[in-house]
C-alpha cells in the first residue's frame, strides 16, 4: 500500500491565526464584553442583594466561568478547528454538539444585528435628543412593535430598522472577510481600547451628577439575607455564564487560531477578570445615572431602575434629557453599546464562518459571503418588521435559557463522563499555561457547572410552563420559543450526518500524514513527552491506517511497536509501550490496540505485519 500523499494546499488551508497573545486577548475580551455587561449586570446585581451579590458572583466566576472558559480554550487549541471539527476530532459521534453551538450562534447573530442597528440609530438620535420628552412612546414609534398580547408574524417592514440592519451586516462582512489577523484582531485592537476610554468618560460624568450617590448606595448596599436565597446564586452563575461567551463555540473557535506556544490559562484569567471588571464599571455608571434620575424626578431608584431594552432605549434617554451635557452622555452611552455589541457580533458570526469553511473547504471571502448573505436576509425578514421586537424577545429568552444552557450541560456531561476527556484537556492546559489546573478544576467542570446549569434550566422551564412568557400567546411562544430551540438541535444532528468536503481542513494532512488545520500550529496528537515527535517510521504506519478518514484520528491511541521510544503517556494523551515490553507490542503480531482515551472511537491496527504500511 502506498504511503498517503499530502494533498496540495487549497484556499481553505489558511484558516488564519492571531499574531500573538495580545491580539487574542483583545478579541476574546471583545467577545465577552457585550450588551449584557452594560444593560443586564447592573440590574441583576441590584435585584439580587446589591453588594452582597458580589460574593456569589465572584464564587461563580472562579468555580464556573473561568473553568468553562479553560475548557473552550483547551478544546479549540488542542483539536484546532471550528466547533464541529474540534468536537469531531475529539470523537466522531460528538460532531453534532459542535453544530448545535454553531446554530445557536446563527439564531443569536440574526437578532443581535437588530439590537446593534437600534444602538446605531440612537447614537445619531443623541445629538438632537430626537426621542423628545417621552422616550417610551418614541421607542414604540421607532420599532412600530405590536403589543405582546397580540404577538404574531407580520411582514410590515419598518424602513429605518431595515436600513440599520443591512448596514450592520455590511460592516460585519467587511471585518470577517479580512480574516482573523487583519479583520478580527485589528478591529478588536481599535474598538476595545476606544470602548474602555468612552465608558470611563461616561462613568466619570455619571458619578459627578447630582444624586449619583443615591444610586450607588442602592447598588452596593448589601442585603446579606439574600445569600440564603438559592435564586440569587443561580442568578450569579447565570450572569457569569452568559457574559463570558462560554460553551457555545466562540472561545473554542478563537482558541483554534492561537499559535502553539500560547499561555492558555493565563489568557483565560485575564479575559475573565477583565470582563467582570467592565461589568462592575458598567454597574457604577448605570446606577450613578439612575440615582441622578431618581433625585431629579423625586422618585425612588427602584421606580426608575430597569434592565435590558427598557434600560437602554427608554430609561437612559430619559436620563439624558435631564442631565447637563446630555447629548455627550447619550453619544458615549449608545456609542459604547455599538462598540461592545459589534465586537461581540463579530465573534458570534465567526463561529458560523469557521464551521462553514471547515465543512466545505471554502476560503475566507467565500466562506464569509456564504454565511453573511443568508443570515442578513433572515435577520431583515424577521427583525425589521412590526413583529420583530416580540420575536426578538421570545427568541432571546429561549435560545439563551434553553439553547445555550442545554448545549453547555450536554457538552460538559459528554466531556466529563462519556468521552472522559477532562484529563487530556487538563494536561493540555498545563502544557500551555502558566497557571496549572488540577483536581479543583476537574471538580468544577464535572460537578459544579453541570449542577448549576441543570438548576438554571429547571427554574426557567418551570416558570415558563407555569406562567407563560411575557403575556404572549402560547402558540407564538411554542412556535418561536420551544419550537426554535428544538429545531436547532434537530438540524445540528442532520448537519453532523453530512459528509465533509474533500477540500475541507478535516482532510488536510501534513508531511507526516497527520491531519492539520492550521499551518502555523504543528499537530500535537502524535507528540511524545516534552514535545518530541515520534519516529518517522512509526508515524508512517499510523498514517496509512488513517488515510480513509483522517478526521477520526484517535487522540489517545496506544501505539505499540518496536519503533516506539517513549514509554509513558505523552502530553497529548498518547501512551506508547516500550520496546519488548510485551509480545503484543511486536509489529509482527498484527495486534489491534484500543485507545485508552475514551474520546476516540477508532482502533489502530498494526498494519506493518500485513506488509501494507508503506
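Placement of Cβ uses the backbone N, Cα and C atoms for every residue, glycine included.
Small disclaimer: the values here were computed from a predicted structure and weren't measured.
According to TrEMBL, the transmembrane segment annotation covers 23-42 (among others).
Per TrEMBL, the feature transmembrane segment maps to 54-75 (among others).
Summarising the annotation, TrEMBL assigns transmembrane segment to 96-121 (among others). Taking Cβ pairs closer than 8 Å, the transmembrane segment (96-121) reaches residues 35, 82-88, 142-143, 160-161, 164-165, 167-169, 172, 247-250, 252, 309, 312-313, 334, 337-338, 341-342, 344-345, 348-349, 351-352, 355, 375-376, 378-379, 382-384, 388, 391-392, 395-396, 399-400, 403-404, 407, 410-411, 414, 484, 488-489, 491-493, 495-496 in its own chain, all 6 or more past its ends.
Taken from TrEMBL, the feature transmembrane segment applies to 157-178 (among others).
Counting only same-chain residues 6+ beyond the ends of the transmembrane segment (190-212), those with a CB under 8 A from a CB of the stretch are 26, 29-30, 33, 278, 281-282, 284-286, 288-289, 291-296, 323-325, 328-329, 332-333, 335-336, 339-340, 342-343. Taken from TrEMBL, the feature transmembrane segment covers 190-212 (among others).
Beyond its flanks by at least six residues, the transmembrane segment (232-257) meets 15-18, 24, 27-28, 31-32, 34, 36-37, 40-41, 44, 47-49, 53, 56-57, 59-61, 64-65, 68-69, 71-77, 79-83, 86, 98, 101-102, 104-105, 180, 226, 264, 271-272, 275-276, 279, 344, 347-348, 350-351, 354-355, 400, 404-405, 407-408, 411-412, 452-453, 455-456, 459, 517-518 of its own chain at Cβ-Cβ distances under 8 Å. Here TrEMBL flags 232-257 (among others) as transmembrane segment.
Residues of the same chain lying 6 or more positions beyond the ends of the transmembrane segment (269-294) and with a Cβ under 8 Å from any Cβ of it are 25, 28-29, 32-33, 37-39, 41-42, 45-46, 57-58, 61, 65-66, 69, 196, 199-200, 202-203, 206-207, 209-219, 239-240, 243-244, 300-301, 303-305, 311, 315-316, 318-319, 322-323, 329, 435. Sequence annotations record features per position, and here TrEMBL assigns transmembrane segment to 269-294 (among others).
Annotated transmembrane segment per TrEMBL: 331-356 (among others), in sequence order.
If you look up TrEMBL, you'll see 368-392 (among others) marked as transmembrane segment.
Residues or ranges marked as transmembrane segment by TrEMBL: 398-419 (among others). For the transmembrane segment (398-419), same-chain residues at least 6 beyond its ends with a Cβ under 8 Å from one of its own Cβ atoms are 68, 71, 90-91, 94, 97, 100-101, 104, 107-108, 241-242, 246-248, 425, 445-446, 449-450, 453-454, 456-457, 460-461, 480-482, 484-485, 488-489, 598-599.
Among the features that TrEMBL reports, transmembrane segment is placed at 440-459 (among others).
Taken from TrEMBL, the feature transmembrane segment covers 479-498 (among others).
The region 'Disordered' annotation in TrEMBL covers 511-531 (among others).
Positions annotated as compositional bias 'Low complexity' by TrEMBL: 514-523.
Sequence annotations record features per position, and here TrEMBL assigns region 'Disordered' to 562-614 (among others).
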Chain residues outside the transmembrane segment (368-392) and at least six past its termini with a C-beta under 8 angstroms from it: 106, 109-111, 113-115, 143-146, 148, 151-158, 161-162, 165-166, 169, 172-173, 176-177, 309, 349, 352-353, 356, 360, 362, 472, 476, 480
In contact by Cβ distance (the transmembrane segment (157-178), the transmembrane segment (331-356); 3 or more pairs under 8 Å): yes
